[in-house]
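Q: Handing you this structure, nothing more for now.
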Amino acid sequence: MINQAYRLIAPKQIRADFVDLKMDDENIIVRPTYLSICAADQRYYTGSRGRVIMKQKLPMALIHESVGEVVYDPKGEYKVGTNVVMIPNTPMEKDDIIKENYLRSSQFRASGFDGFMQNVVSMRRDLIIPFKMEPRVAVLLELTSVVMNAVENFKKISNERKNVIGIWGNGNLGFISALVLKKTYPDTKIIVFGVEEHKMAYFSFVDDTYLINNIPSDLKVDHAFECVGGRGSEAAINQIIDYIQPQGTISLMGVSETPVGINTRMVLEKGLTLLGNSRSNYDDFKKSVELMETYPDVCEYLSTIISEEVVVQSIKDMHKAFEDDLNNDFKTVMKWDI
Ligand SMILES: NC(=O)C1=CN([C@@H]2O[C@H](COP(=O)(O)OP(=O)(O)OC[C@H]3O[C@@H](n4cnc5c(N)ncnc54)[C@H](OP(=O)(O)O)[C@@H]3O)[C@@H](O)[C@H]2O)C=CC1
Ligand SMILES: O=C(CO)[C@H](O)[C@H](O)COP(=O)(O)O
Ligand SMILES: [Zn+2]
């Protein structure tokens, strides 16, 4: 069967390509209904990954955050119309120790092979999960699963003193990290640190918020999550090192294009643990579906960070979504109607 993939071929240029659709018993055909734009997609769309990476990875359909409806299951396990979330990380081998999202052999959609900007997607049976919630909000499951992966790692590594957790970054990732941490540790004081005051109003469920140039000098956090990335990473990580208690854990989540200069002297002196977190696997998605289905308030809060919904019926609409996203405070969601 022939499918269409909407591939980025150069910065800000999308082309509709005819592609073969893989069809066998282990693949289920899913029609995307909602897609949301991640900072990683924007780095490709705008060309900020640099020429070498762009040359290696393009042409490629963007977007690794998507939910859809089953249109065909050769085994009949899923009814036509079932809402499912699609998992972008695609493991190629099993490993008893290393999680799939860290295996170098795993492939990740929209980072080397086609993402979800397609008419329909052929998904491996082990990479879809059915859900019962509003698809428009469920599209935030991928970002929630990334946070779930980080929180699960944090549980294993961090010391038990969790009176105060600081989150640097008051964007999408900071918001979802704060939400998941508040649900996981209801008695812990969650403090968010950011730059733009007006964005702090969204964080009504946390205990405190501070602008980074106005933090009380005696404030201390037991652990911290860095959700900044890019050019702000360095300042954020070094500020965390200043405010964190000895033997705290810093969960790093922001992606940077260039190496980041870190005050390693104080990392040593304070005995800090820096924990890298990237992407997520099936279990993280499963736990995220359970979290969102169990706590309706989580879905309600998540819906508040959808800054804009763009109905996509043409390539022009795709460009509108990406262009608008550059000016939106939080998430831009595409209602896929193509
Ligand atoms: N590890 C993973 O698997 C994943 C990583 N990411 C990465 O996480 C990063 C954040 O993504 P996302 O939340 O969507 O992006 P956002 O731009 O929405 O959030 C970043 C936030 O950090 C704020 N900020 C900038 N500098 C500082 C600082 N020094 N201290 C505190 N806050 C600061 C920004 O402020 P302002 O409003 O002024 O811009 C912004 O609100 C990106 O690099 C993204 O690629 C995303 C998804 C998954
Ligand atoms: O957003 C992410 C996961 O949700 C990651 O940041 C993304 O996978 C990074 O990919 P790339 O290396 O292509 O920038
Ligand atoms: Zn992402």
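Any Cβ shown, glycine's included, is placed from N, Cα and C.
Curation does not apply to TrEMBL; its annotations are automatic.
Grabbed the feature section from TrEMBL, which reads as follows:
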DOMAIN    25-130  domain 'Alcohol dehydrogenase-like N-terminal'
BINDING   Cys38, His64, Glu65, Glu142  Zn(2+) binding site
DOMAIN    136-334  domain 'Glucose dehydrogenase C-terminal'
Q: What are the sequence-distant neighbours of His64 (Zn(2+) binding site), meaning same chain, six or more residues apart, C-beta distance under 8 angstroms?
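A: The answer is Cys38, Ala40, Asp41, Pro88, Phe108, Arg109, Ala110, Ser111, Gly115, Phe116, Glu142.
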Q: Give the three-state DSSP assignment (helix, strand or coil) for Cys38 (Zn(2+) binding site).
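A: It is coil.
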Q: Just how many other Cβ atoms lie inside 10 Å of the Cβ on Glu65 (Zn(2+) binding site)?
A: 29
Q: Please report the number of other Cβ atoms within 10 Å of the Cβ of Cys38 (Zn(2+) binding site).
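A: I count 25 other Cβ atoms within 10 Å of it.
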Q: Other than its own, how many Cβ atoms are within 10 Å of the Cβ belonging to Glu142 (Zn(2+) binding site)?
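A: Counting Cβ neighbours of Glu142 (Zn(2+) binding site) within 10 Å gives 27.
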Q: When DSSP is mapped onto helix/strand/coil, what comes out for His64 (Zn(2+) binding site)?
A: coil
Q: List the residues in the vicinity of the Zn(2+) site, defined as same-chain residues other than Cys38, His64, Glu65, Glu142 with C-beta within 8 angstroms of the site's C-beta centre.
A: Ser36, Ala40, Asp41, Ile63, Ser66, Pro88, Ala110, Leu143
Q: Take the domain 'Alcohol dehydrogenase-like N-terminal' (25-130) and count its residues per DSSP category (helix H/G/I, strand E/B, coil), listing them in that order.
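A: Split into helix, strand and coil, the domain 'Alcohol dehydrogenase-like N-terminal' (25-130) gives 20 helix, 38 strand, 48 coil.
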